[in-house]
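What follows is a single structure, written as structure tokens, with notes after it.
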Amino acid sequence: MISVRRALRRPSMLRQRLAGIAAIGLGAAVLGSVGWGDPRGVQRAAAQGGALQPFEQPGESFPGSAFYYVAPEDSGLLSPDSAEAAWSARRDDEDAPRIGPAGRPVFAQGTSEDRWRAQQCLTAAIYYEAASEPDGGQRAVAQVILNRVAHPAFPKTVCGVVYQGSERPGCQFSFACDGSLARKPVAQFWDRARRVAADALAGYVYAPVGLATHYHTWAVHPSWADKLTFIGAIGAHRFYRWAGGAGQARAFSAVYTGGEPVAAPHPRTWAPTSADIADPVALERAFEEGRLAALRQQAATPAPVAATASFGQQPLPHASAPAYAPEVEQRGGDAVYKGNDLPQGGAVNPAYENAGKWIAKPGA
């Protein structure tokens with residue numbers, strides 16, 4: 001027996017079901033008209049929208065890859081020719097005193113083994129320091145490393161800079177001594193870091209970091225940060241340059257010639273060191289002390305004087321006569337070879353006194 005309430009609800013439920021079926025049918029008709037569900041519609045949309053983005057193509061995507069492709073393109077990346085021209089015309093930029101001029105371009109040098117080691121070390125530094133950052137953040141890290149290669153306060157090789165101090169805790173780049181190298185690199189991220197390293201070693205310069213030689217992450221604030229000149233923040237790092245003479249363009253005078261050591265951290269040692277190589281302030285102080293000592297030594301050393309006397313003058317006092325053989329000494333020694341008896345010595349022959357002069361002035 002059907003209750004009165006259920007009998008009254010039956011027409012309403014029937015109307016709701018019919019309305020739902022009609023809505024589904026209408027939606028299908030609308031989507032069908034625009035090509036949804038039809039492979040030809042997908043093809044037409046692809047043709048209208050242009051080529052797929054790199055992160056939409058098979059083999060080119062990885063978790064988070066869309067972030068890097070939709071990020072703004074690199075700005076401030078100088079080509080090798082532009083970087084060399086900018087460095088040749090370098091000066092303390094009045095428009096951007098914090099950043100200073102763009103860094104000095106560094107080109108891979110030496111043997112094929114040197115080139116491979118430099119590429120390997122720079123790739124490792126970019127990967128372990130900035131694997132999850134956009135291209136600008138990775139190029140900034142690479143530029144800091146090459147700025148150090150060009151500075152005499154640091155090792156003169158790429159691997160030497162990357163693994164400086166890795167034999168003990170407190171190295172220059174934390175990944176080299178904190179166990180990070182035990183993690184196997186992810187192939188996609190490693191290849192991306194390798195491309196950035198290849199550009200840097202081909203002479204490309206990332207100008208936004210200028211002459212920066214130090215950086216740290218947002219998560220920390222080391223004691224030396226307030227004593228250096230802050231350049232700016234790029235990606236997950238804050239970049240700094242030395243405030244004194246060590247941070248000027250003229251200080252980046254080291255020439256890279258290859259000679260790369262093994263592309264790996266140094267063997268561990270617990271021997272104490274005389275200075276903290278990881279402290280930028282201590283490095284700057286040591287650089288300034290060495291520079292001032294060289295200037296004092298240069299000032300104390302008398303300028304060399306030419307040993308050859310000028311024409312018509314007596315030989316300089318310190319230009320002693322050479323030692324002659326005994327038979328030459330018997331003939332007079334050094335006096336035999338002096339030009340004291342030359343005719344008209346020290347004077348111009350009268351026959352040539354007017355050489356080069358006008359015989360008669362034109363128009364006179």
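Every residue gets a Cβ built from N, Cα and C, even glycine.
The domain 'Cell wall hydrolase SleB' annotation in TrEMBL covers 132-240. Among the features that TrEMBL reports, region 'Disordered' is placed at 90-110.
Applying DSSP to the domain 'Cell wall hydrolase SleB' (132-240) sorts its residues as follows: 49 helix, 17 strand, 43 coil.
Per-residue pLDDT, averaged over the domain 'Cell wall hydrolase SleB' (132-240), rounds to 93.
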